[in-house]
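TrEMBL lists A:6-22, A:65-89, A:109-131, A:152-173, A:185-204, A:216-233 with the feature transmembrane segment. The annotation domain '4Fe-4S ferredoxin-type' is assigned in TrEMBL to A:298-327, A:360-392.
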Amino acid sequence: MRILQELLFIIAFGTAVYLFSTKVRQIRRNILLGRDEDLNDHPDLRWKNVLLLAFGQKKMFRNPLVAVLHFFVYAGFIIINLEILEIILDGILGKHRLFVPVLGGLYPILISAFEVLAVLVVLGCAIFLVRRNILKLRRFMSRDLNGWPRSDANYILITEIVLMLLFLTMNAADQQMQLRGSEHYIATGNFLVSGSLASIFNSMPDGTLIAIERTCWWLHILGILAFLNYLPYSKHLHIILAFPNAYYARLEPMGEMENMPAVQREVQLMLQPELAANEPAPEGMPKFGAKDVFDLSWKNLLDAYSCTECGRCSAACPANITGKALSPRKIMMDTRDRAEAVGRNINENGAFKDDGKTLLRDHITEEELRACTTCNACVQECPVSISPLDIIVQLRRHLVMEESSAPAEWTGMFSNIENNMAPWKFSMDDRDKWAEEMNQ
Amino acid sequence: MQIKTMATYAANGETPEILFWVGCAGSFDQRAQKITKAFATILEKTGVQFAILGKEESCTGDPARRAGNEFIFQMMAQNNIQLLNMYGVKKIVTACPHCFNILKNEYPALGGNYEVIHHTTFLQSLIDEGKIRMKEGGAFKGKKITYHDSCYLGRGNNIYEAPRKVLETLDAELVEMKRCRSKGLCCGAGGAQMFKEEEKGTTRINIERGREAVDTGASVIASNCPFCMTMLTDGVKETGKEDEVKVLDIAELIALHLE
């Protein structure tokens, strides 16, 4: 019987790990579809970002109350992994509470801490469910989230509550069995939360209690393994990708826009043709801006997979606030959707086969792109260092430079700059008129 | 008053302490010209030796780059850098956060390395050095001023305190809008929006921001950017409060109350 259980556990665990790693490899491949970008400078600053933004949740604290709740859920997740490690080892080795002899008196203290966290996670998730479904916060109600993204968020919260309740019930049954001096349920000392719940099981016979404890144990670990495989299909992936994304976050001032060396060189050759003689001919036609995920950088795609769909970006976006079609969150969700579609295409065809679709237009419209004021509010707000603006600008570059698609007013502005050295149609000679007036 | 150009200085074999980069709005826009004149007056009165490029100055290329037209940006930037390097410019002050940002952050990649200062930071240093002294019994005593953070100075370059410090010298009450500092709301002009109609929405960004500024009960909205100036002035007009609430650049506020 015990051997069978161990075997079943090893099969379940192995399958879960295999499926998860397959999907993770696909996501990694999808992210690397983006063009190369070197983001390895200043490792000290980058590790600082990981500590502050990912571990420290610094930006979450722009909204302190929610940050505290989120911190409970986050801390619960991080720390409970130690307990999960014990469960996995118990499962594989057919042991029960393997760490008790190792940790001794520390053991009940640790488990008690996990239990307190579990209660806080349940509390946090319950409040988050209320915020989403009863209080109906504006950013959770927007149409970006219609359909799967909205259910996804609810599934995650409900699953986390269920997993925590299973954990607490399991421990409560365990504590009751310990009180009864059962041989298999070794004495650990009192657990803070489940210890006080143990009396609920007073009247139950041993057999029922063992069944409850075992069922909760199995459901808890199978739930975790299932949840692990749910992650890559969900916005919940941010619990993993927030860390690399913080490491590779842009270090430049937000106002700084990325240079385009290809254009720089062309213009340089135009202005100083004498340089052209020494220049090697460029290989193939360079592409300007981005039309599809292949043209974006891998960091943009990592951003897309890291997006939690929390909508803080859109709630701060001046265009979104004033009812325009632009939603920075939607830009990120669209980019991820497109990367996933390309990934499925590759899975089916071995290599990407043109599907007649692109990120631009099939997902993101010109109207959305045109509404951006490049104010950086979305970048400022993102708790996991995503820049929707970077994607918007690259798509704008494609529209203007590859398709000559710009509103008539912009075309006029461009030619004014080119001909009059100012975005307005004024005579260059009048540029210092104000100074002449002052000099009189 | 004699405002000299870099060319004049160069002809005499001299280089001024700073270059005042006026920018297109500051040069051509009638309203923004007043900011330019106010700042030039302050520089003159505090004895800062400065020059302008005059007719030689060109657009930095900011609106073109933000709109996606990198070619025009590169043409402008490379020409400007050639000119600035030819004159041996070291230090630039500008009253436009867009010019400030692009000169400071984006020209270095193209070979243009200068110390670039926004006029609000420069004003603060003049105050700290005791070069700017305000009239006694300030005209703003008992009045409320609210300050609008421009995106390119605030979020773009993390400058939030210098402009506020300058305003503190006015002896007025500084009231903050709900959305201020890093949570500030854009005026609606950045990213080349200044040069086209807004997309369809429920309201215009500058109306939303104008309303928010007026709601503070301030009689002056202090700006640091010629584009914010235009947008906020229009936004205030929409509320019908243009007679009671004035939009003024920080340089204008200081120039008005110089001793």
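Our numbering is plain: 1 for the first residue shown, then up by one each step along the chain.
Placement of Cβ uses the backbone N, Cα and C atoms for every residue, glycine included.
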Notebook entry, point to check: Taking the transmembrane segment (A:6-22) as reference, which of A:65-89, A:109-131, A:152-173, A:185-204, A:216-233 has the most Cβ pairs under 8 angstroms?
Noted result: A:216-233
Checklist line | Sequence-remote partners of the transmembrane segment (A:185-204) [C-beta within less than 8 Å, at least six residues beyond its ends] | finding: 96-97, 100, 105, 107-108, 111-113, 115-116, 118-119, 168-169, 171-179, 212-213
Notebook entry, point to check: DSSP says what for the domain '4Fe-4S ferredoxin-type' (A:298-327): how many helix, strand, coil residues?
Noted result: 18 helix, 0 strand, 12 coil
Notebook entry, point to check: Over the domain '4Fe-4S ferredoxin-type' (A:360-392), what is the model's mean pLDDT?
Noted result: 97
Checklist line | DSSP residue counts for the domain '4Fe-4S ferredoxin-type' (A:360-392), split into helix, strand and coil | finding: 18 helix, 1 strand, 14 coil
